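For reference, the structure is listed below as structure tokens.
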């Protein structure tokens, strides 16, 4: 998958268009790493026919076996079919709508009280112009409020300038990071225009009574958590002015039974061309009341095209993982300038170059060690699971990171280019653990599972601490080469020590069902780490609706305790947030 951080590179691209720079050659660090099967790598770069295997007859529940399953052309067509415009109104949103109990299968848990917020691309066609990369779609935020077993649904498109202007003009006016040429359709094309529309479609957070739609290429948009109406772009978030005019779509929530220890942690990082100055970066922390708890500014070196989508936090550190990207001048000058490729495609993943881990001090204990940049293996990072300082390490000198890195990244991948061959080796993403010696500047990594997974979530009470359970959407099969779209809900059980394999509990939803990001909602007063519910929205090919499935987090394999028909088609979203407050 891809996200929309390309837009954050616009300042660098403006400067790079007038000159070419050579990056520093980085000496490789000796690292223990999982080595990809060379046959898998070969298959990933060649065209292979779809799997000639009997279709798996299993009903939803137990996942199919890798020896009898593989994505077919029909799988790809089903997957493509769910990426279409929502059936919801694009005008003034919806009045609160109580979900008919007849649409509920099973029983909504009485102790599940709060609001699920989700954000994602809602428009995949804009007045007749189809988007072949859904990350360019305008943000659609919806909420489902739970109270005493009753569910209330609301939605609204994020009222960005781009969305508002295009709806008024009834035509596409602004290009996205993955658009080619002039979106207006006229003959004029400005090759030096590197601005893209803020689609506000990636993240959403509700904290201390305020709601924000997030997209790391620009400023957040503040919304009313009850009406979901947009109040405008935000230069100030929960009282803290942004260090740079953009904020990442990901953040970390530190939950606790002690309200004084609860934190929302977010970050901003700018893009610049060249390596003479570090990129400005700032981490913000807010307490449960939305008051500033901390603000730490840093300079991150040589990070211009690093594409920082997610972050991590431990007791003593903030962590950012930088991708090994570079500007492709030939692509920029030879293709983008002549409207032959999208802006995203001028950013090239560098095979053989290390990714970088930036260790940024959060406390005085970490400041004694100082800010560090550590090389890690060549891979691409979007989403992380968690990070923690292991038991017995009291001096901030060691950190364990769990993440979901992709083997590499190809920014030309879109809805039209994916075939069954894409799911044979290739870019695949796997649950991976990194053991970091901060003082020595060394990192070792090892895979925790060979089942492809994405959108990892944990109990926020364990953010920055040793933990066991991770909830993800993932592939139907567990295999070293074969994988597929997200069709299983997975619960990983991993001991908080390095070098161990994880156990997993899996629920398979069936051949024509595709999953969005799971969200964990802790039970009030729960004692165990997995005392809670997992909420996951599923798209079903051939049906003009979605379903919300609710699982007991202790019993993922038993299937959902309740399933809710949401009536409307909601294209696959990106990220969500569970609030304990009920916003009807």
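Heads up, the Cβ atoms here are built off N, Cα and C, so glycines get one too.
Residue ranges 1-21, 22-42 are listed, and TrEMBL annotates 1-21 among them as region 'Disordered'.
Cross-referencing 358, 383, 540 with the Fe cation binding residues that TrEMBL gives (250, 309, 575) picks out 383. Secondary structure at residue 250 (Fe cation binding site), taken from DSSP and collapsed to helix, strand or coil, is coil. Neighbour list (residue 575 (Fe cation binding site), Cβ cut-off 8 Å, at least 6 residues apart, same chain): 118, 119, 120, 202, 203, 204, 249, 250, 455, 517.
For the recorded site, residue 309 (Fe cation binding site), the DSSP three-state label reads coil.
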